[in-house]
Amino acid sequence: MNLCCKAAGLCHSVTMKSKYSQYYNKSLITYHYAYAKNMTANETKEQYKVKKQLTELNIVLVILCTIIILENLLVLLAVFRNKKFHSAMFFFIGNLAFSDLLAGSAYIANIFLSGPKTLELVPVQWFIREGTAFIALAASVFSLLAIAIERFIAITKVKVYGSTKTCRMFLLIGACWVTSILLGGLPILGWNCINNLPDCSTVLPLYSKQYILFVVSIFTLILLSIVILYVKIYLIVRSSRQEATNSQAYALFKTVTIVLGVFIICWLPAFTVLLLDSSCSMQLCPVLSNAHVFFGLATLNSALNPMIYVLRSKDMRREFLRVLCCWGVLQSGRPSERCLVQLKSSSSMEHCTNKFEHQTTPIMQTCTTCV
């Protein structure tokens with residue numbers, strides 16, 4: 001403890017206080033950041049004073065998050081406005097869009113509360129800043145899992161679009177948010193490293209290394225679960241005896257490859273940094289000082305999800321254009337009333353969500369291309 005106090009330059013009886021009573025201790029953030037960086041308190045304060053609020057990277061990330069918010073808001077408006085999209089699968093996509101929208105909003109808030117403002121926060125504010133981002137990003141990941149679960153059940157169960165379907169939809173969406181809130185809220189509930197400096201994360205100095213390892217393990221299991229579910233879906237499609245099986249299976253495999261590839265590319269660097277954080281100090285692993293870059297890359301996944309899951313639907317693309325037209329973005333000299341014309345065609349995804357409303361066979365044999 002003496003070594004810790006010497007490194008931080010704050011030799012007060014912090015560890016003698018209750019963990020929860022320190023949630024409003026104004027000096028605790030400085031204390032933990034100094035320990036994580038192996039600096040004195042004064043050195044830490046000076047370092048954060050000269051930091052820019054908006055660096056070039058932060059400006060790029062703010063622009064990216066603004067795009068995330070706008071494109072996911074567009075998805076939500078399209079689902080809300082068009083009754084053709086008031087079906088279970090589109091509600092799942094809307095839930096994914098909502099979680100990605102929150103992820104973009106939370107990351108913007110995180111950027112503006114970071115830098116020189118970091119040391120001005122009290123622990124409870126810091127936990128809310130980081131926890132909100134964790135909840136939003138976790139909800140996005142859990143939404144991907146919920147979509148995979150729903151699609152797997154949809155091709156293996158009988159009458160999947162009745163009242164049981166609606167109940168399952170709300171259960172999956174509810175479980176997605178409850179689990180995300182619990183996962184992101186664990187540190188503020190007590191799973192943190194206050195009063196236990198050796199257990200503190202280097203990247204997130206108030207988080208326990210054990211908690212970081214737990215979160216990475218959960219996300220890794222989610223990734224493996226998504227892979228397993230989509231592989232099973234692919235095998236079911238391949239085993240069906242429909243004439244269009246080969247083309248449908250290829251379309252399914254192609255979409256799954258894109259989804260999993262983007263997920264891995266965006267999240268693997270962040271997972272790797274967090275794994276290093278749980279077992280390595282900043283002195284031995286200098287890459288930890290640039291962890292914010294990898295978190296920014298993970299946020300990119302929230303911008304790509306709408307393109308992968310939604311823009312592959314012809315009807316959704318047309319609805320996007322109608323919304324933009326009504327906003328005056330894409331008038332192109334056409335009468336504004338034409339923006340309100342209902343869609344007449346139907347995409348493969350639309351067939352997937354509507355055609356099997358009264359399905360009585362366990363496999364959706366003609367609806368396997370909509371992933």
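Easy rule for this one: first residue shown is 1, then count along the chain.
Placed from the backbone N, Cα and C atoms, the Cβ positions cover glycine too.
According to TrEMBL:
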DOMAIN    71-309  domain 'G-protein coupled receptors family 1 profile'
TRANSMEM  59-80  transmembrane segment
TRANSMEM  92-113  transmembrane segment
TRANSMEM  133-149  transmembrane segment
TRANSMEM  170-191  transmembrane segment
TRANSMEM  211-237  transmembrane segment
TRANSMEM  249-271  transmembrane segment
TRANSMEM  291-311  transmembrane segment
Distal contacts, the transmembrane segment (291-311) - CB-CB under 8 A, six or more residues away
57, 61, 64-65, 67-68, 71-72, 74-75, 78, 93, 96-97, 99-100, 103-104, 107, 114, 137, 140, 144, 147, 203, 255, 258-259, 262-263, 266-267, 269-270, 272-274, 277, 317, 320
For the transmembrane segment (92-113), give me same-chain residues lying six or more residues beyond its boundaries with a C-beta closer than 8 angstroms to one of its C-beta atoms, as numbers and ranges.
53-54, 58, 61-62, 64-69, 72-73, 75-76, 79-80, 85, 121, 125, 129-130, 132-133, 135-137, 139-140, 142-144, 146-147, 150, 169, 172-173, 176, 180, 296, 299, 302-303, 305-306, 309-310
